[in-house]
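S.K.: Just passing along the structure, written as structure tokens.
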Amino acid sequence: MCGILAVHHVAEDIEAFKPKALHLSKQLRHRGPDWSGKAIRNQTILCHERLAIVGVESGAQPLVSDDGKLVLTVNGEIYNHLKLRENLKGNYKFKTYSDCEVILYLYREHGPACANMLDGMFSWVLYDQDKDKVVAARDPIGITTLYQGFSSDSPDTAYFASELKALHPVCDKIIAFPPGHYYDSETKQTVRYFKPSWWDENKIPSNPVDYKLLRETLEASVRKRLMAEVPYGVLLSGGLDSSLIASIAARETEKLANSTSQSEEARTITAWPKLHSFAIGLPGSPDLLAARKVADFLHTFHHEHTFTIDEGLDALRDVIYHLETYDVTTIRASTPMYLLSRKIKAQGVKMVLSGEGSDEIFGGYLYFGNAPSREAFHSECVRRVKNLHLSDCLRANKSTMAWGLEARVPFLDKDFLEVALNIDPEEKMYINGRKEKYILRKAFDTTHDSSLQPYLPQDILWRQKEQFSDGVGYSWIDALKDTAELCISDDEFALPRREWGDDIPTTKEAFWYRKLFDEIFPRQCADTVMRWVPKAEWGCPEDPSGRYQAGHVAALK
């Protein structure tokens, strides 16, 4: 991934605005430390801060079409780029080996709707010189971050950037650009291009679970995400989701390393034929112990890192600066991920696989055990998936990209979502003694199939859900709460700020994070934040920690 900035129809002289644009783009350089680029056409400027993963030597951006009339700045990876190149009708002269260059010619042949043809994670802005317009698009789920800004001083100017910090100095209104949409400045319309069969949360599927299909679709998703020309690894917490991704990745890495094929998959081999795994936690935390066991089982080159509570607290302001949120759940989980990402990047790794999305797809958060019906269970799953760009995707993207590390999330593959969200929700529910994410566990349980090698140790495969902020060590959350008590007095807590409106923090911890956020960001940035809380209507505690949910408490008795 990278950092992008685009400003269309600049109100002032473009050359006079250029230094300001470059300064704004510089705020994103942590996302792309490898190179900086810009392109100016008429009154439009596109900037790019590059993290080179594919097309390392030739893929500098912005990308320009063979006739010079289309200019593109992209943050993301297009996994089907080779097939898309082959299917182009025209005979185009590609200038790079970048996976993103194909977007230029897809747009030429199909217009803005070409976004629906892309299999990957992406945010991009394209300038069409003939029509003097821009088109912006974001991937279906919002794995990559993208914001759109507006200025009352120049209402005809369109602003786009990967992060808020590149927009708030010049925009007085900012929105999170909706996933699965494209924007066309010619019509000034934002159009939803992503229309999967599962989108209507009131349409309840009735398909029985096909365990083989579920397993093979996830394996295919991991395989395509190994596309890289740089060393990669996996984030391994020792929980079900990250452990499954690590297991599949280890198999695929070994398979590719031993292959003599020149297929698309074979070209993803890096300098490391053995998979590297990375874990973090407080000393002695549940995640570290479980991750170590998984790494031993998979024979990965395992890197275990610890942090102290003081180190986590010291990083908190930086975490809020990079995450651009005050949501309690996101900040709790992002802090160890942020610290781990720094360690990983220092070890020469640029890309990791991560396990985000599984809990939303399969109802893995323990509060789902309170779902009153299959209909309610499914609707909540779909709602959570639709809002991932405001929570876990935001965390996975910004925690890692703070250090120029790219995170890829196989569970959010379009094909996998199509399979998993069309399963009868009753198959996912916590009934008849079933654990959370039962069908996912069952799909990778080889106990009764001697033709398959085990994916994971049984006690890991059937380990109860621990949210990342819990698994790194329960004392981490306790320390955050205790520190908030010291930082926020009872008198201050009783007088929330008027500008917060109805978004009033209900705990001192939430109040503290909002206060820190306001010290860093101007008021308009708060409109992009959504707080993650369990389903109150289901009788769930408001604290998002999994250990406060009934299922976790019952399991400990």
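Cβ atoms are placed via backbone N, Cα and C, with glycine included.
Checked Swiss-Prot, it gives:
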ACT_SITE  Cys2  active site, for GATase activity
BINDING   Arg50, Leu51, Ala52, Ile53, Val54, Asn75, Gly76, Glu77, Asp99  L-glutamine binding site
BINDING   Leu235, Ile280, Ser354, Gly355  ATP binding site
DOMAIN    2-188  domain 'Glutamine amidotransferase type-2'
DOMAIN    196-531  domain 'Asparagine synthetase'
MOD_RES   Ser391  phosphoserine
MOD_RES   Ser489  phosphoserine
SITE      Glu356  site 'Important for beta-aspartyl-AMP intermediate formation'
S.K.: Report, as a single number, how many Cβ atoms besides its own are within 10 Å of the Cβ of Ser354 (ATP binding site).
M.R.: 25
S.K.: Would you mind checking how many other C-beta atoms are within 10 angstroms of the C-beta on Cys2 (active site, for GATase activity)?
M.R.: 28
S.K.: Tell me the Cβ contacts of Leu235 (ATP binding site) under 8 Å, same chain only and six or more apart in sequence, or just say none.
M.R.: Ser242, Ser277, Phe278, Ala279, Met337, Leu340, Val352, Leu353, Ser354, Gly355, Ala407
S.K.: Please give me the recorded positions out of Cys2, Ile280, Ser391 that lie within 10 Å of Ala52 (L-glutamine binding site), comparing Cα atoms only.
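M.R.: If one measures from the Cα of Ala52 (L-glutamine binding site), the recorded positions that come within 10 Å are Cys2.
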S.K.: Most Cβ neighbours within 10 Å: which of the binding-site residues Ala52, Val54, Ile280 is it?
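M.R.: When each Cβ's neighbours within 10 Å are tallied, Ile280 leads.
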S.K.: Work through the recorded positions one by one (Cys2, Arg50, Val54, Asp99, Ser489) and name whichever has its CA nearest to the CA of Glu356 (site 'Important for beta-aspartyl-AMP intermediate formation').
M.R.: Cys2
S.K.: Whole-number Å only: compute the distance from the Cα of Ser489 (phosphoserine) to the Cα of Ser391 (phosphoserine).
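M.R.: Ser489 (phosphoserine) and Ser391 (phosphoserine) have their Cα atoms 28 Å apart.
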S.K.: Where Ser391 (phosphoserine) and Arg50 (L-glutamine binding site) are concerned, what is their Cα separation in Å, rounded?
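M.R.: On Cα coordinates alone, these residues lie 24 Å apart.
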S.K.: To the nearest Å, how far is the Cα of Arg50 (L-glutamine binding site) from the Cα of Cys2 (active site, for GATase activity)?
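M.R.: A Cα-Cα distance of 5 Å.
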S.K.: Assuming the binding residues for ATP are exactly those in the record, Leu235, Ile280, Ser354, Gly355, what is the maximum CA-CA distance in angstrom, rounded?
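M.R.: Answer in Å: the longest Cα-Cα distance is 15.
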S.K.: When a 10 Å sphere is centred on the Cβ of Ser391 (phosphoserine), how many other Cβ atoms does it contain?
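M.R.: Step by step: centre on the Cβ of Ser391 (phosphoserine), count other Cβ atoms within 10 Å, giving 22.
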